[in-house]
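One structure below.
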Ligand code: HEM
Ligand SMILES: *[C@@H]1O[C@H](CO)[C@@H](O)[C@H](O)[C@H]1NC(C)=O
Ligand SMILES: *[C@@H]1O[C@H](CO)[C@@H](O)[C@H](O)[C@H]1NC(C)=O
Ligand SMILES: *[C@@H]1O[C@H](CO)[C@@H](O)[C@H](O)[C@H]1NC(C)=O
Ligand SMILES: *[C@@H]1O[C@H](CO)[C@@H](O)[C@H](O)[C@H]1NC(C)=O
Ligand SMILES: *[C@@H]1O[C@H](CO)[C@@H](O)[C@H](O)[C@H]1NC(C)=O
Ligand SMILES: *[C@@H]1O[C@H](CO)[C@@H](O)[C@H](O)[C@H]1NC(C)=O
């Protein structure tokens with residue numbers, strides 16, 4: 001009797017330890033509970049109203065968070081405009097005429113400042129907004145631990161070198177994830193973010209017309225998808241900014257369809273379809289294509305890992321008043 005009671009009393013402790021190792025000890029789920037009790041509602045409403053007007057903004061916000069975290073860590077540097085002290089990241093190759101959703105974060109920040117001035121970082125707002133964007137698109141929910149502070153600078157060069165490009169080989173992309181403390185599995189499951197949103201024709205056009213330099217398309221691209229992509233992206237420069245869905249089957253729904261699409265050779269970017277060209281990553285793709293629950297569970301835990309890259313806490317950094325400029 002005594003023995004079983006003590007066995008039970010160890011369960012909560014065990015769960016607590018699990019939470020601590022799973023999260024980040026410098027952050028706290030209740031960080032703003034007393035200083036900004038309505039924070040999560042304000043963020044949720046801001047994301048909800050943006051998506052209600054334009055569905056694609058869910059994808060755009062998720063990508064902003066990824067592009068923030070991969071460049072000097074999650075510290076809101078992507079949100080900064082160019083200044084006299086530095087060139088911002090908004091004009092770096094992966095972001096120029098591509099990163100979007102800044103107005104959504106500005107509008108949320110304005111409402112947060114009204115409720116609790118100079119209290120909540122832009123970085124925490126973006127982290128929460130990315131989680132809400134996934135959840136409101138039908139994806140998983142996960143608790144976000146808070147207390148990240150905003151960085152004092154931005155680095156255009158780092159945005160050019162550290163963010164993955166759709167034109168580079170899988171090994172290079174994997175190396176970029178590993179250099180951020182993530183692994184190949186995080187890379188595969190987080191690529192599932194491409195279950196929502198769009199890409200411009202220039203990011204995959206080479207696959208349609210002249211993949212091999214002899215006028216042939218990419219042999220790993222499904223023939224009927226090839227036809228429809230050629231009509232969206234005719235072989236002329238003025239089609240470069242036309243948009244095609246990353247997941248043509250269920251473009252606005254956050255589900256595991258991205259992985260099903262890779263299995264049947266219908267990935268949009270060369271870097272997407274490349275996940276099927278390696279036995280280890282292909283095994284993960286197959287798993288996520290068959291087991292939606294496995295995808296949502298692993299996606300949530302890799303998002304938590306990503307949102308803890310290179311964070312500033314305590315006295316480091318600052319709480320920006322305006323996400324576009326350092327105080
Ligand atoms: C693995 C390496 C990755 C590469 C090479 C890559 C590349 C790209 C490219 C080229 C686009 C289209 C941009 C444009 O045409 O303007 C895009 C869009 C997008 N990416 Fe990625 N990406 C990667 C990983 C990720 C990750 C980890 C996430 C989030 C977890 C993500 C989320 C998105 C979303 C949601 C969009 C659509 C954005 C919109 O419609 O506004 N991507 N990505
Ligand atoms: C939180 O929002 C509610 C309405 O949704 C409002 O009545 C309350 O005053 C707000 N609390 C704070 C601290 O801003
Ligand atoms: C709704 O979205 C359109 C573009 O799709 C934009 O021009 C307009 O300002 C947005 N309205 C609101 C209220 O956000
Ligand atoms: C910006 O990033 C590049 C590439 O990571 C690095 O070499 C450089 O030192 C950084 N610049 C500053 C001012 O931190
Ligand atoms: C891939 O990485 C290797 C080694 O860092 C580099 O030499 C090569 O240029 C990269 N390839 C592309 C297409 O970026
Ligand atoms: C590939 O899979 C998607 C999602 O299941 C489906 O919509 C699409 O029609 C499939 N394409 C082919 C060529 O089987
Ligand atoms: C990958 O799988 C294929 C077929 O399943 C096999 O022929 C090949 O040897 C495998 N490659 C590696 C590097 O394991």
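Numbers here mean position along the shown chain, with the first residue as 1.
Placed from the backbone N, Cα and C atoms, the Cβ positions cover glycine too.
Small disclaimer: the values here were computed from a predicted structure and weren't measured.
Every protein chain considered, the tally of other Cβ atoms within 10 Å of the Cβ of residue 164 (substrate binding site) stands at 19. Residue 164 (substrate binding site) carries neither a helix nor a strand DSSP state and counts as coil. Marked as substrate binding site by TrEMBL: 164.
Under the heading heme b binding site, TrEMBL lists 194. Look at residue 194 (heme b binding site): DSSP puts it in a helix.
Sequence annotations record features per position, and here TrEMBL assigns Ca(2+) 2 binding site to 195, 247, 250, 255. Around residue 255 (Ca(2+) 2 binding site), taking its Cβ as the centre, 19 other Cβ atoms fall within 10 Å, counting all chains.
Residues or ranges marked as disulfide bond in TrEMBL: 36-116 (among others). Neighbour count (other Cβ atoms within 10 Å of the Cβ, all protein chains): 18 for residue 36 (disulfide bond).
For 69-74 (among others), the entry in TrEMBL reads disulfide bond. Cβ neighbours of residue 74 (disulfide bond) (same chain, under 8 Å, six or more residues apart in sequence): 65, 68, 123, 126, 127, 148, 306, 307, 308, 309, 310, 311.
Positions annotated as disulfide bond by TrEMBL: 122-323 (among others). Mapped onto three states, the DSSP output places residue 323 (disulfide bond) in coil.
In the three-state DSSP reading, residue 233 (disulfide bond) counts as coil. Taking the Cβ of residue 233 (disulfide bond) as centre and 10 Å as the limit, one finds 23 other Cβ atoms among all the protein chains shown. Positions annotated as disulfide bond by TrEMBL: 201-233 (among others).
Among the features that TrEMBL reports, domain 'Plant heme peroxidase family profile' is placed at 26-327.
Around residue 63 (site 'Transition state stabilizer'), the same-chain residues at least 6 positions away in sequence with a Cβ under 8 Å from its Cβ are 99, 101, 193, 197. Per TrEMBL, site 'Transition state stabilizer' is recorded for 63.
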Averaged pLDDT score, the domain 'Plant heme peroxidase family profile' (26-327): 97
Pairwise Cα distance for residue 250 (Ca(2+) 2 binding site)/residue 194 (heme b binding site) [Å, integer]: 11
Lowest local Cβ density (other Cβ within 10 Å) among recorded positions: 69, 116, 201, 247, 323: 116
Spatial neighbour of residue 122 (disulfide bond) that is closest, considering only the recorded positions 36, 195, 247 and their CA atoms: 36
For the Ca(2+) 2 site built from 195, 247, 250, 255, further residues of that chain with CB within 8 A of the site's CB center: 196, 249, 251, 253, 254, 256, 257, 258, 261
Top Cα neighbour of residue 323 (disulfide bond) in the set of recorded positions 116, 247, 255: 116
